[in-house]
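Student: So that we are looking at the same thing, I have put the structure below in structure tokens.
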Amino acid sequence: MAKSTPVKKAWRSLSWLGAIVIALVAINTAAVLWGGGSWTPKLALDLEGGTQIILAPKLETGQTVTDEQLTQAVSIIRQRVDASGVSEAEISTQGGSNIVVAIPGELDEETKNRIQSSAKLELRPVLLAGAPSDSSVGGDASASPTPSPTESLRATPTVSPTNGSDTNWITPALQAEYDSFDCSSDEAATTNAAPADVPLVTCDTTGTVKYLLGPVEVDGADIKDATNGQETNQQGASTGRWVVNLTFNDQGTKDFGEVSQRLYGLTATPPLNQFAFVIDGQVLSAPTMNGVITDGKPSISGSFDQESSKALADQLKFGALPISFTVQSSETITATLGSSQLLSGLIAGLIGLLLVFGYSLFQYRLLGTVTIVSLLVAGVITYLTLCILSWYQGYRLSLAGVAGVIVAIGFTADSFIVYFERVRDELRDGRVLGSAVEAGWKRALRTVYASKATNLLAAIVLFVIAVGSVKGFAVTLGITTVIDVIIVVLFTHPMLQLLAQTRFFSSGHPLSGLDPSALGAVYRGRAEFRTSAQLTAAKAASSSREAAKRQTIAERKAAEAAALDASGGSKPAKSAASAPSASGDISKNGKES
Amino acid sequence: MASRLTTFGNDLYTGKRSFDFVAKRKLWFIIVGALVLISILIPVVRGGFNLGIEFRGGSQFQITGVSDAETQPATDAVASVVPDAVAHVTIVGGGSGVRVQTDQLTTAETKDVATALEDAYDVTEADVSSSFIGPVWGADITRQTIQGLLVFLLLAAVGMALYFRTWKMSLAAIVALLVDLVITSGVYAASGFEVTPAAIIGLLTILAYSLYDTVVVFDKIRENTQEDVVETKRTFAESVNLAVNQTLVRSINTSVIAALPVASILFIGAFALGADTLRDISLALLIGILVGTWSTVFLAAPLYSMLREGEKNVKKHDAKVRSIRERTAADAAPAEEITV
């Protein structure tokens, strides 16, 4: 049955929509029950307030912070905060040396660490490694027992070292410093910084191994990208360990390749075949070089979990802060806009929505209810999506976001308007409702896809490139655009397909909004058209050509048949439309064609 | 029985009634040009945009040791010293402190405001500290946003050129988009409202809306002009004009429906209920929606037609249409002027 196909399709689409809504409700219910989700979207700083954190730079005496360093730090911190979710944090400077970070909600340890540590990455070759006690396990190291560092020991190499792994770097002074180095002492916390071109004595982050490291071979500035992921073994299976995968730029790839080749050649003399990833002066991991890495894509392992590996990847990706900061104070702050503002906005938005409903009904009669219900369904899905994103992505709804959602009403309604107008155009061309809906849909869908694609493109590009509140805007735009397309495809069109089957709509009731006579259907027997229309002959001819051209073959045949056996003024109507039309100006005889 | 707009739509669809969007383009271009010029001149005459603290930074006062803090005394205190300054007041630390941010003040003003705040909250001089705060919307945000926009415009232009199979539609759409942005900014400057991040977000929304609206109308133009390849009843310009007229009812309905909620926020929310922070974004949005919709009709479509009319194929087609039309007109005496 030709007629049942659209009905079947319509129900199938509606079932899909139902499934989507149920899935969203289920996800959010699960989030509320087990994941700390909520049935209301979280609000941004401007509507809910949050925590204001003042970061003071860690400076040594006499050192000052330049404006440039501060601006750079603000920019890096912003990217790091953004990377943890779309929270629309506000970051600025204060008094020429401090950085103020305002985030919605409370400051947790992870966020604190994320924003305050410098994350300066250095790759240094390992010269000596050992337990923090005085028993060193250096291959070439001529361990001299129990010397305490004294000024008299020689501090410059006698033979100038040829490369970073050259043991000539180990001067007696360094050896002494290394031997006496105690990871747990205060000394370890403060002295583990050395210029890039000289060796460094330090410990790993857990304080269980101490290292004497060569000069910096590659540093964090050459990192192009950093991601976190699970380590895979040679068979490609996941080992379950979290690692940070680095991608170096060309310079970094070249440098790293050279180091890799050299260290791989030193396999026989451990620990010289090890290299250390040093973050903020502490060794994060010091793997052995098991092969020559020339693609510039090493990965850092360590005692990571998913969160900490993500945090480090984000820090490395956006570069090191020019200076480290400490949290000086952290206080709660109230919303910059009062809750009364939000309420006013919502009331005004609601009134606006009612006006839209009124206008839709006025313009499209009963068809307007399809618009209204579609908007309501879109509203429900948008709301659920925002709740889920708040929970999953840290999305925060700001006032600008609320305005964005309200504007989306216009965008969404426009899809319906485009569609309805296309259906009306098809009716004007003389199609019966069922086929007008299908034909109008085909044309409208193309337009809807093309135009929504521009919106989606804007959303994606701004999300990827922009920072701060613009990113939040991009998310709102993207969500509403996708939901808009879902609604028009899975709700509005199926509803219209179903309504087209009802007598009320298919008979073109004047209140249906799809009354062919009101729409002045162009073609209902060309003879009548020519005589009655007050058009120029040329225009009439062109119009009927237009109408004729738009017909399907079946319609043309039906039309010819109708023109033959009816004395003009009747049009092929399908059986559903066989009842006498409420609009009395044309007699629709309802023939079976 | 049929609403007037429906009849109007019918007439526009068949071509019985038609507005000369394309033929009278010179007039529209002059009007648009004048609007753009005014929009550029307004901020120049007014001495630039009234940028908010978020963009320029400003002065900050932190009051501690307050019991049960409220925001109103601070707003009043600032207004008593610098009447036209915008003060953002925030309660800090659960009611024990107040943070006041204002436009950049002079040293003397800073001192006066600090004194006024002491009195307002009944605290000592040591409890009020003042400092300079940097912009929340820093140069990095602006830079990244502009970068994002340029990438978007480039991709959108290429995407439209591929979809419509002509770069001229991309050009016309982008020109209309820029005009929308300039006019919206001009009206915003004329209003004298402070430029806030919310207003910038509003402007970005307009950018998306403007291009969206142009694509909807251009898709109809594409449909109509494609028919021209096999049909010879309309010249190129007439096809474009018919498409604009056929989508005119949509343009009217869409601009009304999109503008209604925004206008409601602007007038009811901002003016009647006094939520003035809403007015920045809603003003930018309202102007942008109206300008965005109508720039497609009056600027983008006629401009596109103008760009194409000079093409060889189009010229050939138009000449053919005219010659056929002369013949038909000769047949159907009395010959009538065809107005499109």
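Cβ from N, Cα, C; glycine included.
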Student: Please find, within the list A:34-68, A:524-558, A:559-593, the residue stretch that TrEMBL describes as region 'Disordered'.
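Tutor: Among A:34-68, A:524-558, A:559-593, the range TrEMBL annotates as region 'Disordered' is A:559-593.
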Student: What is the number of residues in the domain 'Protein translocase subunit SecDF P1' (A:71-126) that are helix, strand and coil, as DSSP sees it?
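Tutor: Tallied per class, the domain 'Protein translocase subunit SecDF P1' (A:71-126) gives 21 helix, 18 strand, 17 coil.
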Student: Pairs of Cβ atoms less than 8 Å apart decide it: which stretch in A:369-392, A:398-420, A:449-467 has the most with the transmembrane segment (A:473-496)?
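Tutor: By the under-8 Å Cβ criterion, the transmembrane segment (A:473-496) pairs most with A:398-420.
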Student: Looking only at residues six or more beyond either end of the transmembrane segment (A:369-392), which have a C-beta under 8 A from one in the stretch?
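Tutor: For the transmembrane segment (A:369-392), the sequence-distant neighbours (Cβ-Cβ under 8 Å, at least 6 residues beyond its ends) are 17, 20-21, 24-25, 27-28, 31, 35-42, 86, 353, 356-357, 360-361, 405, 408-409, 412-413, 416, 420, 475, 479-480, 483-484, 486-488, 491-492, 495-496, 499.
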Student: Residue list, the transmembrane segment (A:449-467) vs rest of chain: Cβ under 8 Å, 6 or more residues beyond ends.
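Tutor: Hits for the transmembrane segment (A:449-467): 75, 78-79, 82, 411, 415, 473-475, 477-478, 481-482, 484-485.
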